[in-house]
Amino acid sequence: MTAAVTANVVTLPAAEPAKAVRDTRPLRLITCGSVDDGKSTLIGRLLWDTKAVKEDQAATLQRDSTGKQNDLGLPDFALLLDGLQAEREQGITIDVAYRYFSTDNRSFIVADTPGHEQYTRNMATGASTADLAILLIDARLGILEQTRRHATIASLLGIKQFVLAVNKIDLTNYDRAGFEKIAHDFREFALSLGVKQITAIPMSALKGENVVYSGQAAMPWYNGPTLVETLELATVRSAQSVGFRLSVQRVSRPGESFRGYQGTVAGGSVKPGDSVMILPSGMVANVSKIVTFDLVRNAAVAGDAITLVLDRQVDVSRGDMIVAIDSQPQSGLAFDAQIVALQPEGIEPGKRYWLKSGSRRQRVQVQPIAQLELKTGAWAPAQALWMNAIGKVRLSFDEAAVFDPYDQNRSTGSFILIDPDSNNTIAGGMITGKRTDLGGIHKEGQRVLLSLPADLADQIMASELFASRRDETEVRRVTAAQAADIWANAASDI
């Protein structure tokens, strides 16, 4: 007879869902939008509610707000930001103001930028280092042209996280339908910019509703996060993937036995023994030593200010770039870029300007190609670009220029244009790609067929740059007649 065995069934507790890993690194953010949408008031309220305002500052704010108080009897929080005399007199923001605040979970660096059209260049400056953009919109007015301009500039500068802060919602009697229409319209516009990560929040910066504390008592229909809750969950821009980059700012020669190249590491890392290349010359050397103010370092990473010592005497000047030999930037005479025009005279077609990128300064001819239509998000052909226009241009250099695309490295992919006549900075720009001499955009794996006189080809093949990439090339020596036939057959494909 077989005995029955009763199995004990053990019920395991359900596994808890994996928790999202919170990014606790300091977050850099920018407030932008049209004039009088409440950017300075919002930051002032953030500082006030996160207890970032010291007692003496609070007393000064209460005193300076006398006679400026609103119907609620609240201080004028914007005064915490408007530091210039002209700003206080006009009640507007002109300069970029940086402020710091923190919560129990994270610290923040916020840039308050001007909304007026004539100060667009200051807004671009603030956006160039930000991880996230808070785009303010007056709930009564909806999306304006300057709103679209600021969103576009932020997107071009690589910001992919947006908070759509629909401010002054209290002045619309907390109109839910109006808020949802603004959020819908902006999401449609943002798709044309390639921006998909958008958090829309209805708020009253003056009253502090949905800023640090919930505004659900006034807006029971909104159950989303507050502004601070959203910021605490945002991510810092991911590290860019290019190799070592050092733009030489100064050649240090304190004595006959020492020669070092000073600058701030703009990408990647470096250590003694690494092979590097000097561009645009193409010379190769090894890193002998890395020196800082009072230390000899074992390595250096992006953001470090260093003096680099090489193992041999090479010709290096201010403006040259020292790069990892196995991860080189693009070098050439022609590049495509996107720019923001910053001066009333705009960009004249074919005019020669100074281009400054890092410590390098070169002559360049700028040819406008297209201008962004802010209302539609479409690009239209353009012969010139006037103040505040966002455009695509072609850059042509007399001597080889060296860049990374901006989306790969912000430091080595950005530049400003300087008018040689007035010395004004007339545009800021971002490199999108290299153009070959045949007019095509440089792409990974693309081949270029050139027909050169034999003596010129021999000079090119004798260079160190060519030698370092010899295994990537194919050389065929042919007669002039054969070259003409090859060219005729290939031209239609180039």
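Glycine too: its Cβ is placed from the backbone N, Cα and C atoms.
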Region 'G3' range according to Swiss-Prot, out of 64-67, 112-115, 252-255, 420-423: 112-115
Stretch carrying region 'G2' according to Swiss-Prot (options 56-60, 91-95, 126-130, 341-345): 91-95
Segment assigned the feature region 'G1' in Swiss-Prot (from 33-40, 145-152): 33-40
All-chain count of other Cβ atoms within 10 Å of GLY33 (GTP binding site): 28
Secondary structure tally of the region 'G4' (167-170) (DSSP, helix then strand then coil): 2 helix, 1 strand, 1 coil
Lowest local Cβ density among ASP36, LYS39, THR113, ILE169, which the record lists as binding-site residues, within 10 Å: ASP36
Whole-number mean of pLDDT values that fall within the region 'G4' (167-170): 95
Counts of helix, strand and coil residues, the region 'G1' (33-40), according to DSSP: 2 helix, 1 strand, 5 coil
